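**Q** Quick paste from Swiss-Prot:
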- G116, I136, G137, D138, Y139, V140, L141: S-adenosyl-L-methionine binding site (BINDING)
Amino acid sequence: MASLRVDVITLFPEMFSAISEYGITSRAVKQGLLQLTCWNPRDYTTDRHHTVDDRPFGGGPGMVMKIKPLEDALVQAKAAAGEAAKVIYLSPQGRQLTQSAVRELAKSDALILIAGRYEGIDERFIEAHVDEEWSIGDYVLSGGELPAMVMIDAVTRLLPGALGHADSAEEDSFTDGLLDCPHYTRPEVYADQRVPDVLLSGNHAHIRRWRLQQSLGRTYERRADLLESRSLSGEEKKLLEEYIRERDDS
């Protein structure tokens, strides 16, 4: 059974109980599909205060994470995960994480994630040890722990056996370059709003067509940039044209 090992270098290992103890990722850990280990740079300091940061050269606000504690933690993580493990630094300067990137990461046997804090980490550590830098969006967080958890969750969903239904990951938003279609469950009528009749018809071909059209329409309205990088089939073009026409006529 294929599995993924993820080691995280973080000042707050307790945060990752959200991954190991809850939801799909917890189930993956229990099934042996995901192995998660955290390494705290404070454990690799030698001074009384367990100092992991210092003032930046050149002045300026904030503090910068020191190289040595990070480097020593990385040595231990690589000893456990293997030298071939890909080292990833989560930072606003990285490439934006997309579903296609997640698919590539899910093919890995081992990942080592670096969760920075303060103003960031010493650039010399990045140059010497980091294979890839990834960002989860154009905004700033207090540290790399949440982005690391986002990456772990997204990758875990693609591990064979991690989801309850084999098709669930394939039907997620972005998997085929489109946003997801609307979903409904019981009751059929709520506050005078009805579930679309096509979903109650039992006609699987019509349902598939409706769902594809809704995905295309949502993507057109909310994330048109995704359509620019996707080649639409003849059926998809027709469905999108129908969607736009019906929307404009309503």
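Yeah, the Cβs are placed from backbone N, Cα and C, and that goes for glycine too.
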**Q** With H, G and I counted as helix, E and B as strand and the rest as coil, say where DSSP puts G116 (S-adenosyl-L-methionine binding site).
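**A** Looking at the DSSP assignment, G116 (S-adenosyl-L-methionine binding site) belongs to neither helix nor strand, so coil.
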**Q** Within 10 Å of the Cβ of G137 (S-adenosyl-L-methionine binding site), how many other Cβ atoms can you find? Include all protein chains, please.
**A** 11
**Q** What's the longest C-alpha separation between any two of G116, I136, G137, D138, Y139, V140, L141, the listed S-adenosyl-L-methionine-binding residues, in angstrom?
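**A** Pairwise Cα check on G116, I136, G137, D138, Y139, V140, L141 gives a maximum of 16 Å.
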**Q** Counting across all protein chains present, how many other Cβ atoms fall within 10 Å of the Cβ of D138 (S-adenosyl-L-methionine binding site)?
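**A** There are 7 of them.
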**Q** Suppose we draw a 10 Å sphere around the Cβ of L141 (S-adenosyl-L-methionine binding site). How many other Cβ atoms does it contain, all chains included?
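**A** For L141 (S-adenosyl-L-methionine binding site), the 10 Å Cβ neighbour count is 14.
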**Q** Fewest neighbouring Cβ atoms within 10 Å: which of the binding-site residues I136, V140?
**A** V140
**Q** Would you mind listing, in sequence order, the residues at least six apart from G116 (S-adenosyl-L-methionine binding site) in the same chain with a Cβ closer than 8 Å to its Cβ?
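**A** For G116 (S-adenosyl-L-methionine binding site), the qualifying residues are M65, Y89, L90, S91, G143, G144.
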**Q** Could you list the residues of the same chain, at least six apart in sequence, whose Cβ is under 8 A from the Cβ of Y139 (S-adenosyl-L-methionine binding site)?
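**A** Correct list: P92.
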